[in-house]
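TrEMBL lists 439, 483, 492 with the feature active site. Sequence annotations record features per position, and here TrEMBL assigns domain 'Glycoside hydrolase family 9' to 88-505, 516-939.
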């Protein structure tokens with residue numbers, strides 16, 4: 001959001017104070033912090049606070065925002081929802097640093113975690129086999145092969161399916177190194193076809209030691225499985241890890257990949273031939289990990305070998321063993337069934353596996369115990385690990401088209417709970433109040449030669465080394481958590497804790513994350529920049545001043561106020577009314593979820609600002625409605641206005657006013673304005689009942705005017721035809737009647753609907769001229785009549801499946817303002833989804849369209865937000881320097897960016913081939929418009945509600 005330093009108050013006017021604030025902010029805003037420092041000089045010169053700093057302020061007051069959010073019903077209950085974006089790329093990189101900190105053996109020259117040194121260099125098998133390397137399991141120094149193999153399998157799965165996420169985060173090479181550190185060890189541990197070392201180190205002896213791994217002197221025995229002491233679970237899980245990793249390296253190092261696959265095949269054969277649980281053969285492991293069964297690992301391992309080899313024999317093993325597997329609520333080192341199900345669904349496409357995956361996720365999301373703040377709670381020990389692992393499965397299901405929207409939304413809630421939505425971070429070294437006393441020996445120890453023993457364990461001092469990226473166990477069932485070293489159930493870390501979590505981060509990087517809250521707030525600033533008339537004292541967009549103070553009707557009526565339409569200074573009542581109706585709809589249905597703050601100079605109260613945005617229009621409509629059957633629908637001549645380029649404050653041309661009357665009717669204009677006033681009356685009903693009543697009275701009169709005196713407004717106000725020629729009015733009469741029914745519950749308005757509904761022409765847009773899609777949706781909402789549900793479903797299905805698209809996926813209705821049409825459709829999709837119509841499909845499509853606009857299309861189409869946003873919008877006032885500097889057609893023709901950043905304005909968008917030139921002269925694609933932002937803004941509020 002663009003705020004003048006003076007407007008936001010002294011609290012942020014002092015650069016030193018700003019810098020101090022920045023230093024206290026979590027890693028999720030690292031990009032914004034860098035942007036601030038790189039732009040600080042320019043910002044001071046121009047006296048503006050950037051969107052970046054506004055976003056920082058949103059984070060600063062996020063607790064206030066959440067604490068003031070109310071809940072209307074259980075369906076909308078906020079379980080830690082956030083539309084703020086965490087820095088998933090940094091988190092992914094940090095998670096890989098955690099794995100570096102867990103390395104055993106001879107460390108490489110490119111080791112980044114430099115406080116760790118070489119350790120356990122004498123790890124050997126019974127016959128002197130080299131067993132150095134691999135990972136220490138958790139906060140201790142045992143190398144447990146079963147957990148390490150599960151970790152490697154899941155890490156490899158994430159790398160394999162989400163290489164782009166790793167690459168985009170700059171973590172691909174480190175990701176490969178992390179999984180290879182484990183698989184190199186597995187190759188060493190697989191000393192013969194039917195012999196595999198599954199553990200190095202005595203769990204009991206190890207746990208009696210607190211110190212650095214570099215200083216260990218205790219015996220570190222090695223334990224193995226053999227044909228006579230089998231471990232089907234261990235061997236099959238390791239086979240899965242090696243098979244998955246062979247795919248990771250297939251195109252990178254084919255020789256290494258082939259070696260991995262050879263060992264995987266042998267180990268799976270070992271597991272399948274010699275049956276038994278590894279914890280029955282390696283009894284030392286029972287101190288920590290006691291396997292419950294091995295059938296799930298056989299299915300899991302066979303599935304991975306089928307993926308790696310395409311050999312049908314492995315599917316035969318799946319079919320043979322599948323009936324024996326047990327179903328568990330978790331997905332972890334001991335329980336692989338849910339992972340096998342979704343992997344098999346991915347590999348075979350068989351509905352039986354998809355169905356089981358859907359049942360698993362639906363049960364987890366809908367029926368599993370939750371903490372008060374919304375964490376899915378499966379186990380007291382490592383609660384966050386269990387939640388993240390389950391969400392990994394559900395995200396994989398989403399990729400297969402299974403309840404994609406709801407599963408992705410829930411996954412984001414769970415991960416964002418971990419990252420800070422719960423009130424704190426559970427990731428060491430990241431976010432607000434991260435753990436500093438993790439149960440982790442090596443990071444708790446100071447550098448040598450300082451002593452590290454049980455005294456260090458008992459101290460209340462923070463760990464001397466930051467174990468960056470580690471996920472701790474997490475809270476109890478009541479969100480209770482103490483950051484104490486002694487609480488290993490809740491505060492220990494482990495390799496398997498981070499594995500699925502890291503894979504999810506890679507998915508999130510691929511999916512991208514946009515700060516819908518900030519974009520919503522910026523959109524409201526755009527409406528401030530469009531204001532005409534006497535500006536209020538709380539105006540935030542301070543480069544705009546009072547303008548058009550002499551706007552009058554034919555008889556001297558005061559017509560000041562309202563909004564300039566687009567990049568010009570005409571006040572077109574028809575699109576202004578549509579804008580107001582849709583803004584009101586968004587605020588009315590999503591008011592609880594639009595950000596609020598009791599410190600508006602830092603975080604604007606978006607509910608209040610949205611009401612003000614609506615009222616700025618409705619106040620003008622009241623002025624323009626000078627008698628029951630007389631309404632001014634336009635001020636300013638389009639032709640004359642468009643012949644001028646300059647500031648609105650400097651206008652000297654005549655600004656005629658144009659009206660509709662009984663002899664020059666405009667049913668479309670009157671009915672749309674009635675809809676706007678009726679919708680706004682509901683917005684203000686509980687805030688200002690007197691004003692709401694006034695709005696409703698005018699709405700009724702205007703609707704009667706439109707209904708009784710039929711005609712197109714553009715036939716009566718011919719000057720509007722330069723820009724807005726109406727095609728029909730029946731849809732507005734239905735639309736207006738629907739809104740008046742919602743506002744009054746008067747059956748006569750449904751009578752008008754019944755009379756007119758069949759006369760409306762079907763069109764596949766929703767915009768200033770085409771209201772039928774909105775009318776269908778609203779009518780189903782207020783009547784529950786299934787005929788409207790059928791119509792809106794058919795409409796949405798047609799648009800999604802049959803409407804032309806750009807190559808990158810933008811639904812393309814028309815070349816003039818295509819992004820506006822896509823955003824408007826997204827709004828309709830979201831409204832239909834709210835009514836239970838194809839919810840997952842429609843929400844997913846809506847998100848695709850909005851995210852295209854915000855950056856998924858290759859650039860941002862919202863001014864002041866995102867990557868490569870437009871800087872040359874076709875918009876007079878923002879292109880003009882401050883007075884007294886000249887602004888004329890030379891300004892228009894110049895190649896310089898617009899002087900003022902029109903924060904929040906959505907430009908027209910690309911052509912049908914995704915091409916876009918940021919040229920002031922290309923009004924079809926770079927102009928903004930009040931109606932462009934209306935449904936876009938309301939969809940953003942919807943996204944905030946859902947926690948996207």
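Cβ atoms here come from the backbone N, Cα and C positions, even for glycine.
Note that the coordinates shown come from a computational prediction; the quantities given were computed from them, not determined experimentally.
A map of TrEMBL features onto the structure.
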residue : record      : DSSP class
439     : active site : strand
483     : active site : coil
492     : active site : strand
Problem set entry | Spatial neighbours of residue 492 (active site) that are distant in sequence (at least 6 apart) but have CB under 8 A | 138, 139, 382, 438, 439, 440, 472, 473
For this session: Please give the average pLDDT for the domain 'Glycoside hydrolase family 9' (516-939) in this predicted model.
Result: 95
Problem set entry | Spatial neighbours of residue 483 (active site) that are distant in sequence (at least 6 apart) but have CB under 8 A | 435, 436, 437, 491
For this session: Run through the Cβ atoms and count how many others sit within 10 Å of the one on residue 439 (active site).
Result: 25
